[in-house]
Amino acid sequence: MTEQAQQPAVDADENKLIAQRREKLAALREAGVAFPNDFRRDALAADLLERYAEVDGEALEAQPVRVRLGGRLMSRRVMGKASFVHIQDMSGRIQLFVQRDQLGTDAYQAFKRDLDLGDILGVEGVLFRTRTGELSVKCDSVRLLTKSLRPLPEKFHGLTDMESRYRQRYLDLIMNATTRETFRVRTAIVQFIREYLNARGYLEVETPMMQVIPGGAVARPFITHHNALDMDLFLRIAPELFLKRLVVGGFEKVYEINRNFRNEGLSTRHNPEFTMLEFYQAYADYRDLMDLTEAMLRAMAERVLGRTTIDYQGASYDFGKPFARMTVREAILHFNPELGAADIDDLDAARRVAEGMGLAVKPGWGLGKVQIELFEHTAEHQLMDPTFITEYPTEVSPLARRNDANPFVTDRFEFFVGGRELANGFSELNDAEDQAERFRKQVEEKEAGDLEAMYYDADYVRALEHGMPPTAGEGIGIDRLVMLFTDAPSIRDVLLFPHMRPEGRGSAA
RNA sequence: GGGCCGUUAGCUCAGCUGGUAGAGCAGUGGACUCUUAAUCCAUUGGUCCUAGGUUCGAAUCCUAGACGGCCCA
């Protein structure tokens with residue numbers, strides 16, 4: 001692109017391996033086009049292995065199959081006048097057989113001398129089977145398409161250092177088939193969700209990532225700045241309030257799969273940016289969404305994994321049988337058999353129980369908040385099999401519709417597998433006056449020092465005042481779902497580029 | 001935020017009680033036309049994460065810091 005590209009700055013700490021490869025590249029530049037882009041392939045490795053799996057060597061000899069393949073040189077076994085190598089493309093690996101007698105003496109010498117592991121090749125030849133039966137390509141042409149300047153990790157152990165795998169994901173993808181598989185599953189899950197919802201009449205939409213009032217969740221936001229407007233904006237913590245505005249507008253079934261940003265610590269379960277599915281449906285309630293969630297996850301497992309049993313970190317979860325359903329109260333009592341209803345239905349009693357467990361109960365907490373702390377502390381992590389928990393206290397559900405029979409709780413559920421929350425859904429609060437009141441309460445909490453409490457969103461209240469049909473909505477954490485489906489212990493394993501602290505090389509900090 | 005563990009050649013790792021750094025792979029030179037962790041012979045390669053300290057002497061012991069992993073909040 002630029003003239004400077006011809007004169008690469010020599011890195012002082014660059015080692016000999018790289019220097020040798022740079023010399024080879026310099027010779028290529030000397031000889032002509034060093035980065036040709038006229039090669040076209042007509043096959044992929046894995047396709048060939050599959051298509052000719054049943055075809056034996058004699059048949060391949062009788063009816064030669066010519067192929068053109070592109071890929072990265074991953075292994076080399078060079079003998080005097082013939083070599084076996086493997087190249088890897090997006091589908092997989094295939095072996096090449098390169099002989100002096102096929103290529104010619106000069107070309108074979110160049111093949112042995114100039115190529116390094118990691119180089120990108122374009123090859124042409126015919127399929128055959130080796131004596132051990134491996135489908136391979138007998139090459140009559142091998143072209144170097146891109147010189148690799150850096151050596152690949154070791155061929156047997158590969159790249160195992162977690163930090164390197166996260167920071168240099170490209171290397172991880174080159175070296176580790178399981179990493180490639182994890183991200184294929186991730187894509188398959190997202191694709192499945194789109195197909196599933198599209199087929200049921202949901203409209204996919206995009207709503208603002210930069211918001212003036214961050215809403216729709218209880219979390220601290222990131223702040224950014226708009227120069228022309230000279231104002232701070234928040235990266236969204238949830239799309240919820242915008243999606244419900246769309247329901248007011250008449251898009252009665254909508255969904256969005258996109259990034260949310262929350263300004264909290266990093267851990268094996270938290271990345272500052274993460275992906276959520278949120279979907280909303282008018283003329284439905286939270287029970288309809290539980291049914292939908294159950295059916296969708298079951299179908300997803302069948303489609304993506306080919307089975308309904310999910311193995312995660314040594315445990316096994318059956319998505320084929322009906323999911324358990326339990327209320328928050330029931331869950332607390334179930335996992336604390338020494339407690340009775342009297343212990344958790346009265347604020348003072350519940351507070352004593354919580355403090356007895358070492359929980360720091362704050363003065364302003366009502367019974368609902370104390371109950372949910374008890375639930376999270378004693379029950380949540382024990383919800384192993386797929387389980388819906390319902391009847392969340394109104395106090396901790398500022399956007400959910402109150403239950404008609406018991407206004408202390410809302411028509412809300414959360415979904416758990418393996419002790420982790422995967423989804424959160426509820427019948428939406430469409431009473432504009434109730435919503436305004438709850439926003440006011442959140443603002444009070446914010447003023448009292450709760451950094452995660454919500455802002456008052458006057459336009460959202462105005463939208464509700466126009467009338468939102470009875471609606472149910474749900475959010476599903478895509479990253480956690482992918483972790484479950486790929487048996488990944490850390491969220492970083494399912495993010496292509498997880499957030500990492502800067503490397504801070506030497507004096508650069 | 002707290003605790004534990006880790007950081008040594010491009011990669012995967014040894015390095016004992018402090019004595020001045022090693023293997024395999026990769027690389028380089030040579031042999032080899034059915035190999036597949038190819039084989040055989042020879043061989044190059046180091047900011048031992050960083051900065052201090054202790055010591056005649058530090059990869060090793062001490063302190064602080066950086067980055068990462070795991071657990072906890």
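Just so you know, glycine gets a Cβ as well, placed from its N, Cα and C.
Under the heading Mg(2+) 1 binding site, TrEMBL lists A:Glu414, A:Glu421. Taken from TrEMBL, the feature Mg(2+) 2 binding site covers A:Glu421. Sequence annotations record features per position, and here TrEMBL assigns coiled coil to A:422-449. Among the features that TrEMBL reports, domain 'Aminoacyl-transfer RNA synthetases class-II family profile' is placed at A:183-502.
Long-range contacts of the coiled coil (A:422-449) within the same chain: residues 244, 247, 280, 285-286, 289-290, 293, 364, 392, 397-402, 410-416, 455-457, 460-461, 464-465, 467-477, 480-481, 484, each at least 6 residues beyond the stretch ends and with a Cβ under 8 Å from a Cβ of the stretch. Of all Cβ atoms in the shown protein chains, 16 besides its own fall within 10 Å of the Cβ of A:Glu421 (Mg(2+) 1 binding site). Spatially close to A:Glu414 (Mg(2+) 1 binding site) yet at least six residues away along the chain are A:Phe388, A:Ile389, A:Tyr392, A:Glu421, A:Ala423, A:Asn424, A:Gly425, judged by Cβ distances under 8 angstroms.
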